[in-house]
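Student: Following this message is one structure expressed as structure tokens.
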Amino acid sequence: MERVFVIRYSEIGLKGKNREFFEKKLIDNILKIVRPAAVNKRYGRIIVRIGRNDPNALEERLKYVMGIQNYSLGYALAHDIDEVKKVSLELAKLEVEKGYKTFKVSAQRGYKDFPLNSIELNREIGGYIYENIPGLKVDVHNPEFEIGIDVREKEIFVFSGKKYLSGGLPVGVSGRALLLLSGGIDSPVAGWYAMRRGLELQTLTFLSPPMTTEKSVQKILDLGRVLARYLPNGLRMWIVPLTEVQMYIKENAPDEYSLILQRRSMMRIANMIARRVKAKAIITGENLGQVASQTLTNMAAIEDASSLLVLRPLIGFDKIETTNKAKEIGTFEISIQPYIDSCVAFAPKKPATKSDINEIRKVEEKLDELSDLEYQAFKKRESYRIENA
Ligand code: ATP
Ligand code: MG
């Protein structure tokens with residue numbers, strides 16, 4: 001008898017080669033993130049073998065695997081019907097302790113030479129549980145819990161209880177993207193949602209040394225450690241010093257445009273890095289209307305500087321939803337630390353909220369040292385690697 005997790009994923013819309021690719025990635029990610037004894041594929045399900053590992057530690061790491069719809073705890077048993085009865089009864093007792101009063105047994109016989117077919121198994125095991133737990137009733141249409149039985153050629157899986165996870169797609173199936181990671185609350189959450197759609201992330205943060213200190217770097221790396229839990233191959237983080245670009249803009253462009261111009265510089269540098277690492281999109285934590293940088297016209301003026309697709313996973317979110325998600329994934333406490341990403345001294349007193357793109361381009365054209373300073377900043381990039389731990 002061996003403990004296992006029975007994993008279910010949503011395969012809706014996944015057919016043929018796509019489905020194979022999805023399953024392969026999911027299994028690979030489970031091996032790297034959960035680090036179990038072994039993983040086996042069954043039709044429409046994945047069996048994670050706990051082996052000698054601590055089941056609680058493995059279960060804790062399961063929630064970092066994007067693409068899992070739900071899972072059950074269970075056992076892999078020999079072809080021994082008495083053993084199946086005994087374990088099924090124990091699992092049913094655990095469910096009854098939670099207050100559930102109705103159940104059914106759902107057996108599947110993948111191995112056709114087993115003497116009992118699925119209907120007979122349902123009856124046999126269901127009857128045994130019913131007889132041994134007073135007050136518990138069978139409800140085949142709407143049971144409060146199910147005991148699952150899956151008969152395979154070499155073993156029988158018995159499981160119960162469903163715990164729901166984030167669903168989505170396995171990290172990596174959608175390719176790679178570059179997350180613009182600030183020290184704020186929003187961008188780490190945006191990164192989480194991007195990963196849930198199967199994107200593998202790298203991050204890029206602009207700092208303003210020496211006004212920003214080592215504490216800001218540490219804060220960004222702490223955020224990276226949270227994101228890296230979901231990334232089977234760990235996280236590559238980029239940090240670029242933007243101070244000289246910011247100073248140049250501050251001194252040479254109208255104050256009201258400095259914010260947009262800085263953001264446009266960030267976008268161009270982000271494009272340089274993204275191209276190098278073969279990222280196909282840029283992700284931001286932008287959301288409509290919260291601040292001057294996030295009016296529709298300003299967002300368009302910023303995006304105009306990017307030739308790569310810019311995705312904004314939080315566009316439909318309320319601040320409260322974003323904050324709750326940040327708390328749930330564990331980035332909130334890090335984000336509210338006071339260490340800033342970019343120096344406030346460079347923020348305009350009265351930023352334009354409606355920037356005309358032609359006007360912005362005209363102003364930018366006159367900043368003849370700008371592209372060189374951007375390239376110098378790009379060359380000063382530092383890189384950190386965070387392992388999946
Ligand atoms: P956040 O909470 O993510 O900081 P915000 O509400 O502060 O967002 P903005 O300051 O307008 O909003 O930033 C919008 C987005 O631009 C951020 O979510 C992030 O993706 C990107 N960004 C802003 N500043 C930086 C920075 N210093 N380094 C990298 N990306 C940044
Ligand atoms: Mg911010």
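Using N, Cα and C of the backbone, Cβ positions are placed for all residues, glycine too.
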Student: Looking at TrEMBL, which one out of GLY168, GLY172, GLY285 binds ATP in the same site as LEU180, LEU181, THR205, PHE206, ARG263, GLN294?
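Tutor: Of GLY168, GLY172, GLY285, GLY285 joins LEU180, LEU181, THR205, PHE206, ARG263, GLN294 in the ATP site that TrEMBL records.
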Student: So, by DSSP, how many helix, strand and coil residues make up the domain 'THUMP' (56-162)?
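Tutor: Output for the domain 'THUMP' (56-162) reads 39 helix, 32 strand, 36 coil.
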Student: Out of LEU181, THR205, PHE206, ARG263, which of the binding-site residues is least crowded by other Cβ atoms within 10 Å?
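Tutor: Relative to the other binding-site residues in LEU181, THR205, PHE206, ARG263, ARG263 has the fewest Cβ atoms within 10 Å.
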Student: Among all the protein chains here, how many other CB atoms are within 10 A of the CB of GLY285 (ATP binding site)?
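Tutor: For GLY285 (ATP binding site), the 10 Å Cβ neighbour count is 23.
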Student: Taking 10 A as the limit, how many CB atoms besides its own sit near the CB of GLN294 (ATP binding site)?
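Tutor: There are 19 such Cβ atoms around GLN294 (ATP binding site).
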Student: Among the binding-site residues LEU180, THR205, PHE206, ARG263, GLY285, which have a Cβ atom lying under 6 Å from any atom of ligand 1?
Tutor: LEU180, THR205, PHE206, GLY285
